[in-house]
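I have placed the structure first, in the form of structure tokens, so that the comments after it can refer back to it.
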């Protein structure tokens, strides 16, 4: 049964804070074993969705089930690891003591796990929590989310405040989670943060899920800048009107353009001449991401949403 | 969870115990000179005080006997309000303050039912306040014996129990408002206003017919009207206070269970 049931199933999930829209009519399924990237600018409804899944807030309409049970069941939360978007850690208590307390309440944290994770992330757990730097707080947050090896990890903006080296280690930890068949929902306002680890991304804007895409499909749609250099000047007409080629600029022996999707037609045309140099930028998923926004979001009333 | 909560409160509880004990020490030490100079503090001297002020201090009819002094100076106004302040601050640390700080987010996503969370935090309040009461009771009794005030232990115990119950009642008020609103400001405002008005109604307001009936809403009525120091444990009145605190705690449980946290 565990293999078949969706880890998250949201149906018509809607949340209003008074008259203010937080999330509107969300239908979403996340399957076991996938890493789902949840994208949107700050205030678009990502955190609202996550907090509804965890029963911190209650839906205005619609339902959401997590790991096969309703979100109201307290027991299911032992099988979830959660990193809040705005993690607050206060007081004189040492981070290690707090982590041990959380571990005891949730269960399933073997001795030594906290120390091992702290070592991987280079976190100092001997400091009172109120005195931790932002980066160190985030590390403590990651440790508590990962330490009981939960079936489902919900990470709200996990990389904020982490230095690049720790980010790499975090991505390695995510890949280990995927390798062991567990599921991750991770939110971000920057696509570049999630595109390398996510199987699918959902894009949310002004409280609405506007697209759910496979990352590979997204990459296929990606906008890519290409620069070709030839051994002699080439005729501009040869490159005119090629499918998928935009912003064409032919100057002497060089051709610059932008391609949507596959570069096939351009390559075949270029092959008729002698290519001495080729520059192709990594597909900029950010750009597609923004395209979604400008297309689907244009008619949206710009409400202030959380 | 209760143990962890108490550990979090530990510093505050120790601080309040020391503070209240120091207050007791300071005021009971003065009793020596009161006893030796009854003419200075006797009825004639007290007559010079404005009536309203005397009312506010619970009458001050008997200032020179041990029980009278203990009642007027310690158990009438100051110690109940010190307990009340302690209870209010501790009760706010249960839900409202961590909710405002954002630290409640991780706690409510633990696999603990919200109802149980509130009940355990209330239990920690009861135990913590009980510990402060027990320690300060011993200090008061010790001081009363040293100063030869002639008040038996069971009377001090009766008065001290009342103080604990008043504190617990207002702690439950704070907890309930904090659980319903998630904000410590309103919780402290409701508690403070209820406490001050409740106290005024049973002292100055006693003689004003228009508001005298309000005493039924004042916890101080159930605390002081039985005169625990003079008459011993007023069981019925204290049961009312206990029951009211329980009802308020239950209100807190239900209010918190049905609410969005941290919005």
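Glycine is no exception: its Cβ is also placed from the backbone N, Cα and C atoms.
TrEMBL entries are annotated by machine, without manual review.
Annotated features, as they stand in TrEMBL:
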TRANSMEM  B:12-34  transmembrane segment
TRANSMEM  B:73-91  transmembrane segment
TRANSMEM  B:122-144  transmembrane segment
TRANSMEM  B:156-180  transmembrane segment
TRANSMEM  B:192-218  transmembrane segment
TRANSMEM  B:238-256  transmembrane segment
Range from B:73-91, B:122-144, B:156-180, B:192-218, B:238-256 with most C-beta pairs under 8 A to the transmembrane segment (B:12-34): B:122-144
For the transmembrane segment (B:238-256) against the transmembrane segment (B:73-91), do we get 3 or more Cβ-Cβ pairs below 8 Å once near-sequence pairs (under 6 apart) are dropped? no
Candidates B:73-91, B:122-144, B:192-218; stretch with most C-beta pairs under 8 Å toward the transmembrane segment (B:156-180): B:73-91
